[in-house]
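Peer 1: Just passing along the structure, written as structure tokens.
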Amino acid sequence: MLSKEVVKLLNEQINKEMYAANLYLSMSSWCYENSLDGAGAFLFAHASEESDHAKKLITYLNETDSHVELQEVKQPEQNFKSLLDVFEKTYEHEQFITKSINTLVEHMLTHKDYSTFNFLQWYVSEQHEEEALFRGIVDKIKLIGEHGNGLYLADQYIKNIALSRKK
């Protein structure tokens, strides 16, 4: 059985993961509205991944006979300036999630909850990959640019990432 504090912290993380899913759905819709179908498809798929992260936490709480408390998820941002703005915000959000996961890991070590510490290692690895992915997309958009054919090329680049991740 997990401590009440650990249950509370993991429930808060579920909420953060669900917010991320909604944020990426909002960003996906913005991309589709702006004819950026590659980025729209990528972010739509990524929203599903974020939801899966929350479900993984829910499963862990269920397996440890702990109470899952789904909380209200705040409304995500819906207005973006550009494709670069969208992906800079995804990168910033992933950094926020990484910080949150690291805080959880530190708490588990401090309180000698080695089972939950071990469980969270998957998230540590996942966040490393997520930050690298989004940083790479931001860098590529900056390199290609968003003027003229650049926006189309950036969208195609992101589309190719989405297609390669399906395999």
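The backbone N, Cα and C atoms fix where each Cβ goes, and this holds for glycine too.
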Peer 1: Which one of Glu17, Glu77, Glu88 goes with Glu50, His53 at the Fe cation 1 site, as Swiss-Prot has it?
Peer 2: Glu17
Peer 1: From Glu72, Glu92, Glu94, Glu106, grab the residue that Swiss-Prot records in the same Fe cation 2 site as Glu50, Gln127.
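Peer 2: Among Glu72, Glu92, Glu94, Glu106, only Glu94 appears alongside Glu50, Gln127 as Fe cation 2-binding in Swiss-Prot.
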Peer 1: Mean pLDDT across the domain 'Ferritin-like diiron' (1-145), rounded to an integer, is what?
Peer 2: 98
Peer 1: Under DSSP, is Gln127 (Fe cation 2 binding site) part of a helix or a strand, or is it coil?
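Peer 2: DSSP assigns Gln127 (Fe cation 2 binding site) to helix.
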Peer 1: In whole Å, note down how far the CA of Gln127 (Fe cation 2 binding site) lies from the CA of Glu17 (Fe cation 1 binding site).
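Peer 2: So the Cα of Gln127 (Fe cation 2 binding site) lies 12 Å away from that of Glu17 (Fe cation 1 binding site).
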